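Residues annotated as region 'Disordered' in TrEMBL: 66-155, 169-188. Taken from TrEMBL, the feature compositional bias 'Polar residues' applies to 66-75, 99-112. Residues or ranges marked as active site, proton donor in TrEMBL: Glu267, Glu507. Sequence annotations record features per position, and here TrEMBL assigns active site to Asp400, Glu532. Under the heading disulfide bond, TrEMBL lists Cys463-Cys495. Under the heading Ca(2+) binding site, TrEMBL lists Thr618.
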Amino acid sequence: GGNGGFSMVFRKLPGVSASGMGLRLSQKFVFLLFLSGLVTLCFGALFFLPDSVRLKRIFLSKTETQPVTVGSGSENDVREHLKRPKDQEHPRGMASVKGETSTKLKSLSRKPSVSHEATEERLAGGKAQEDLTLLRSKTESASEKSTSSDHGATSDTFSYKKFKRCLLRPPLGTDDGKPSDPKTNERREKVKEMMKFAWDNYKRYAWGKNELQPLTRNGHIGNIGASIIDSLDTLYIMGLVEEYNDAKDWVQTSLDLNSNGEASLFEVNIRYVGGLLSAYYLTGEELFKNKAVELGEKLLPAFNTPTGIPRGVINLGSGTSWSWGWASAGSSILAEFGTLHLEFVHLTELSGNPIYTEKVMNIRKLLNKIEKPHGLYPNFLSPVSGNWVQHHVSIGGLGDSFYEYLIKSYLMSDKTDDDAKKMYYSALEAIEANLVQKSPGGLTYMAEWRGGILDHKMGHLACFSGGMIGIGADDGAPEKRQHYLDLAAEITHTCHESYTPTKLGPEAFRFDSGAEATATRLSDRYYILRPEVIESYMYMWRLTHDPKYREWGWEAVQALEEHCRVESGFSGIRDVYTLTVSHDNMQQSFFLSETLKYLYLLFSDDDLLPLEDWVFNTEAHPLPIVRKSCLQDEATQDKTVSE
């Protein structure tokens, strides 16, 4: 809606000047002076809005973005919103329950820097809508299934058997990844027990809701079953068969894809589309493929903008889309429109419809063409003009997964997507030149950048970058391979240093005025069961097999058990610096999807979801590497057989 207002103002300007012709010169001068003042004021306000806390609070509190402002009004809030936009969407639709809505959002927000409760509420709302949508598509997909099976031989239908033959190794390894070392296996079994405990309580108290609130023993707003979709692959790889079957049955009977509320394009994509795609590739159940494609179709209207850069919020029922109210000047967010590539490539693979790949390639083309300050990608881009809005750069919330999806797009393409490779390594070079810093105490960290001024703060969300730089070490310049592995290890070490004294880490930590990886503001001290630090431990273990990563992971398991486990599930905590913990009453869906999955993989053999076959999306849903040459060879063989 915001952009419409601006365009109207400009559309009317020519009329204004025409009628002005009849005025005396002095009047005209005064009028023009007033007009230019107004324009300057508008643009000035736009420019400063996003980062000015006071203004942001005033404006945000009136809209559904309220949750963002819950915290300090800092970027963290925004980040939370961004990362889990799904929930956010909901709040807007539910103006009557403002508080609840914002909570909803938060919970969905994977990278919820923003306010805890607000975001959670919002997230939940978004999910509910998603649920509805899912249901509708379910019935449709059932009817499609009967028709699609008739054309099994046509080349445009996806063959699961063919796909399985193109994998280098079995997805679950030789013995489901069971480690030979008894101590490691015991630790792995502990993680599995935590998953079963979290799942059983969700099922008992919040079944079908987005997330469990373990202290009040109820579900968070929203009935789109975010925790169910997010858990499918985790349950499957852990061998929790009964639980997986319950989840599958729910998808079949209760997932509604036509919910009429606002949903975050980003959240729906990474949680729902990603979760359904992974479930399909791991199990071969057509149900998951049909639901994923059905949902993918519902996301397409968000791309109907002058530039093809999608808006952040979509109503899955009606197809209308809009930008987040809290995002600067109706802009789209880098980490949102930049975190669609992996899933959309797979939607094209499964549906045979090139439109999904075209949409994400178009985004990439625009980003390639546009001028970048110092080679960096700012966090806000206008979907109308295709220009950056504000020069704020972050590897944490708002930016994070865009960079992750560049290197992962290259790896997922079986190393054929050279554009993604070039973009990733040049972005990494710009990040090293401008953002990577060393603290007085010798810790390497990634600062945030605002129009050339560094903010010496690193968010928990940015801690995924250790793993990212690690998996990208092999394909850059050969002489930089060791340098990248060292940088990855240093950043992972810094993030481990922030995990103290509870052995859990804060939402954001600073490196100025004497601080070394510590949260100086009260509003940054919470831990919402986030996975990013553990994610980097898992990748660094696979890349180096240094035993310290498993030890650090075990420290985190013990801390989660001690501080976050409550009688009926797991809950985030409000202050990681006090041993007398205060719980936030949210068992985030990403705890089941990411945190526990990465811990389980950390204590498993490398042949469980081997990295030579699988790439994890930003919600830890494994997607297979697309081996075009293999799939085509298989196709020609099949054809000759059928002829």
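Every residue gets a Cβ built from N, Cα and C, even glycine.
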Between Asp400 (active site) and Cys495 (disulfide bond), the C-alpha gap once rounded to whole angstrom: 15
Separation of alpha carbons, Glu532 (active site) and Glu267 (active site, proton donor) (Å): 17
Cα proximity to Glu532 (active site), best match among recorded positions Cys463, Cys495, Glu507, Thr618: Cys463
Surrounding CB atoms that lie within 10 Å of the CB of Glu507 (active site, proton donor), all protein chains: 31
Local Cβ density at Asp400 (active site) - other Cβ atoms counted within 10 Å: 30
Residue with minimal Cβ packing [other Cβ atoms within 10 Å] among the active-site residues Glu267, Glu532: Glu532
Cα distance (Å, whole number) from Cys463 (disulfide bond) to Thr618 (Ca(2+) binding site): 13
